[in-house]
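Feature annotation from Swiss-Prot assigns [4Fe-4S] cluster binding site to 270, 273, 305, 312.
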C-alpha cells in the first residue's frame, strides 16, 4: 500500500458528547439519526441499538414535541450510546430533555427563538455540563440573511454561524460544535472552509438532504472527503434517505478510504470480466453481510484472476487470486494455500475470522506490554 503521509487535522478545542471526545485530535466520530417516531419508544430504542451494533459513536433523535421529550426520557434509559436531542422552534423542549440526561443539544439558531430563549437554553446546558451543536442549514437561514444575500451562499451560512457563535461567546459558553450544512456540495464545502478559518471549535460535517442511498453516498463522499482531506472536521453524519444503519457504514467507508479511521474489513475487489475464475461479486456480497460483526481493521483483496490478483494480495492482510478450479490464498503478502473455487465463501469466511482473532490477540498483548 502506498505510504501516504497522515492528513494533518485542523487544530480545535475539545468537547465531550457523553463519553465521546470531539475535537483536539480525537478520532472523528461517526453519527446517524433515528427516523422512527420518537414517541414509539420500542421502535426508536431498537433502531438505536442497531446503530450501536454497526459502530455509531453518537445518535441524534428528533424531539419535536413535549410528548417526544417524555419518550426521550424512556429511550435514554435503555441505550448506551450518547444521544443528541434535535430541537426546533420550542426552546422549552431543550430545557426538558436536559433534565432527562441528554448528552448534547442540537439547536437551529434560525428558528429556536429570541436571544432570551437562547440564553435560557445555554444557562441550562452550562449547569448540566451539556454541549450544544449550532446547526446552521441553508434551508432555514434567518429571514434577514435570506433578504440580504438573496439565496444561500457560503457567506450567508458563515454569517449565520458567526452570529450565534458570538452570542455564545457573550454568554461565556464554549462547549459547542458547529455545522453549516447544505444539500449543494460546493456550497457546503466552501461554507465549512470559511468557518474553519474563523473559529477553533469542533466542526460537525454533513451534506444535508443528500439524497437516496446511492446518490447521497456519492455526494457525501465527495463533500466530506474534500473537507476531511484538508484536515477539516471532527465528527460527521452521512445523511441518506435510507436505513440509518447505511449512514454509519458509509461514514466509516469514507474515513477508511482516507486512512483516517478504520473499523472492520476493507474489501478490495475487481469489477470482474471474462477472466474471473470464481464468482467475485457473489463472494464479496456474501462476505460483506456475513462479516459485519468483525470490527478488526484489515484489508481483504478478492481478485478473480492472476492479472492484478498477486499484486493486490501482496499489500493485503488476506488476498485471494483466482485460479483454475482453485484460487491462491495469500496472508500478509505470502502465498499460504489454495482454496476450492466451489466452496470459496465458507473457506474465506473462516480464514478471515481466524485472522481477525489473531490480530485482536496480538493487539491485546501489545496493550498489556505497554501498560506494564
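Using the three backbone atoms N, Cα and C, a Cβ is placed for every residue, glycine included.
The binding-site residues examined here are 273, 305; by Cβ neighbour count within 10 Å, the least packed of them is 273. Less than 8 angstroms from the CB of residue 312 ([4Fe-4S] cluster binding site) sit 268, 301, 303, 319, 321, each of them six or more residues away in the same chain. A C-beta separation below 8 Å, combined with a sequence spacing of at least six in one chain, links residue 270 ([4Fe-4S] cluster binding site) to 276, 280, 302, 303, 304, 305, 308, 309. The [4Fe-4S] cluster site is set by 270, 273, 305, 312; from the centre of their CB atoms, other residues of the chain with a CB within 8 Å are 271, 272, 275, 276, 280, 303, 304, 307, 308, 309, 322.
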